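Report on the following structure.
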């Protein structure tokens, strides 16, 4: 009964959060808001094609633990270790932070003290997703930025590449997300890359789910990893720069990269949805868009809560 009550309260939160936000929030205060973000992310994506994956990951690491409040952007100080310096966030690509800073700088010149960093992340994520072939979804605007960011508050809140699928399901359910929504959001691994340290320990072990030829290729790709920890492999080796449903097709063939990827196809609670999305890209796009929109509304601050940061990396 308690879990049902919690889910009801989460549903009520999402409904009321959406009702407080609007898609045209900046139409009068910053009419070029969308154009400025689109120009910024397009230029960045052209010069560095990994930007889309970097920002999508940044968005998840900001929103999932405690809500979409741009707390992951805040830099640490001598008195506080911020979220971005927690161990799980140290591998977040710099291009993700850079494009948000560029967008914020341009927006501050056009509309000072008006646009929140959390709104910038949400829109930039959606727009970058589109540049790599992903689906469109409406982004509701009016979020405010958090005044706090503490590494200690992230403990056990974000899934690791090695987290068992049962625990990942629990983590998502505790935030009000269903198993199907979790599987859909995992499709973000359709683009981007992972460092060898996140999976190389499992390669070559028995019963890990790797296609044998794929395991050999991964061993070869990561052979110099001890000397160069920056070596990485694409999450989707078939269409690494295109957002599509190939990720799910790969899982069925033993071509998943991370332990969490393999878990999606080994657990009967999630395998059904993997099969579904592997067969139907339109359905995957529809469900992914809905889940991303829902995630973008999670834990937001509005009204008098939070602030509009002048710089995304520092509290006013």
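Any Cβ shown, glycine's included, is placed from N, Cα and C.
Taken from Swiss-Prot, the feature signal peptide covers 1-19.
The feature Ca(2+) 1 binding site is assigned by Swiss-Prot to 62, 67, 69, 71. Taking Cβ-Cβ distances under 8 Å and a sequence separation of 6 or more, the neighbours of residue 71 (Ca(2+) 1 binding site) in its chain are 62, 82, 83, 145, 146, 148, 149.
In the three-state DSSP classification, residue 189 (heme b binding site) falls within a helix. In sequence order, 235, 236, 247, 257, 258, 261 constitute the residues six or more apart from residue 189 (heme b binding site) in its chain with CB-CB distances below 8 Å. Under the heading heme b binding site, Swiss-Prot lists 189, citing sequence analysis as support.
The N-linked glycosylation site feature in Swiss-Prot is assigned to 206. Within the same chain, no residue at least six positions away from residue 206 (N-linked glycosylation site) has a Cβ under 8 Å of its Cβ.
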Lowest local Cβ density among 62, 69, which the record lists as binding-site residues, within 10 Å: 69
